[in-house]
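Annotated features in Swiss-Prot:
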type	residues	note
MOD_RES	M1	N-acetylmethionine
MOD_RES	T2	phosphothreonine
MOD_RES	T2	N-acetylthreonine
MOD_RES	K5	N6-acetyllysine
MOD_RES	K51	N6-acetyllysine
CROSSLNK	K51	SUMO2 cross-link
SITE	R58	site 'Interaction with phosphoserine on interacting protein'
MOD_RES	S60	phosphoserine
MOD_RES	K70	N6-acetyllysine
MOD_RES	Y84	3'-nitrotyrosine
SITE	R92	site 'Interaction with phosphoserine on interacting protein'
MOD_RES	S149	phosphoserine
MOD_RES	S183	phosphoserine
Amino acid sequence: MTMDKSELVQKAKLAEQAERYDDMAAAMKAVTEQGHELSNEERNLLSVAYKNVVGARRSSWRVISSIEQKTERNEKKQQMGKEYKMKGDYFRYLSEVASGDNKQTTVSNSQQAYQEAFEISKKEMQPTHPIRLGLALNFSVFYYEILNSPEAIAELDTLNEESYKDSTLIMQLLRDNLTLWTSENQGDEGDAG
């Protein structure tokens with residue numbers, strides 16, 4: 001059953017009142033396909049229908065596009081943080097075997113890379129993100145073993161211990177280091193007394 005022009009226009013008006021713009025556009029499309037010249041009211045209904053149909057899709061597209069851009073930026077930042085962490089790791093490994101001025105340079109490079117990774121991870125990652133936890137572990141090892149600094153213990157002691165599957169192993173390693181280093185420090189204090 002095909003509707004005549006006046007029924008389709010009435011259907012479009014009802015669809016507009018119900019804010020069903022896809023139905024409104026379909027009704028007005030059917031009016032135009034009949035081949036008759038459109039009145040001002042019909043042209044207005046057609047315009048309103050398509051403006052709202054397209055507007056809703058444009059709005060949805062903007063939201064999706066914005067989310068994609070934020071996600072891409074976040075992924076790039078996380079990747080950058082991971083790469084700085086790796087750079088810090090490799091310079092730390094070099095500083096373990098270097099000597100003299102070369103050791104100072106590798107220690108400095110390692111610390112700079114870890115610090116960059118740390119700043120990025122604070123802004124871009126959750127506290128329990130595996131990369132951020134791995135960074136905390138390796139940076140604390142750097143402080144304790146390379147710089148011989150007790151700051152590593154204080155840093156590890158402030159970590160939040162939420163249980164996330166990917167983070168559990170790293171958090172256990174952090175806890176093991178804290179226990180080991182605390183017992184070593186207590187042993188050193190006992191020897192001094």
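Glycine residues also receive a Cβ, built from the backbone N, Cα and C atoms like all the rest.
Location within the structure of each feature annotated in Swiss-Prot.
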{"residue": "T2", "record": "phosphothreonine", "contacts (Cβ under 8 Å, 6+ apart)": "none"}
{"residue": "K5", "record": "N6-acetyllysine", "contacts (Cβ under 8 Å, 6+ apart)": "V31, Q34, H36"}
{"residue": "K51", "record": "N6-acetyllysine", "contacts (Cβ under 8 Å, 6+ apart)": "none"}
{"residue": "R58", "record": "site 'Interaction with phosphoserine on interacting protein'", "contacts (Cβ under 8 Å, 6+ apart)": "none"}
{"residue": "S60", "record": "phosphoserine", "contacts (Cβ under 8 Å, 6+ apart)": "none"}
{"residue": "K70", "record": "N6-acetyllysine", "contacts (Cβ under 8 Å, 6+ apart)": "none"}
{"residue": "Y84", "record": "3'-nitrotyrosine", "contacts (Cβ under 8 Å, 6+ apart)": "A113, Y114, E116, A117, I120"}
{"residue": "R92", "record": "site 'Interaction with phosphoserine on interacting protein'", "contacts (Cβ under 8 Å, 6+ apart)": "T106, S110, Y114, N138, V141, F142, I146"}
{"residue": "S149", "record": "phosphoserine", "contacts (Cβ under 8 Å, 6+ apart)": "Y143"}
{"residue": "S183", "record": "phosphoserine", "contacts (Cβ under 8 Å, 6+ apart)": "none"}
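DSSP assigns the residue listed as 'phosphothreonine' to coil in the three-state reduction, outside any helix or strand. Under the DSSP three-state reduction, Y84 (3'-nitrotyrosine) is assigned to helix.
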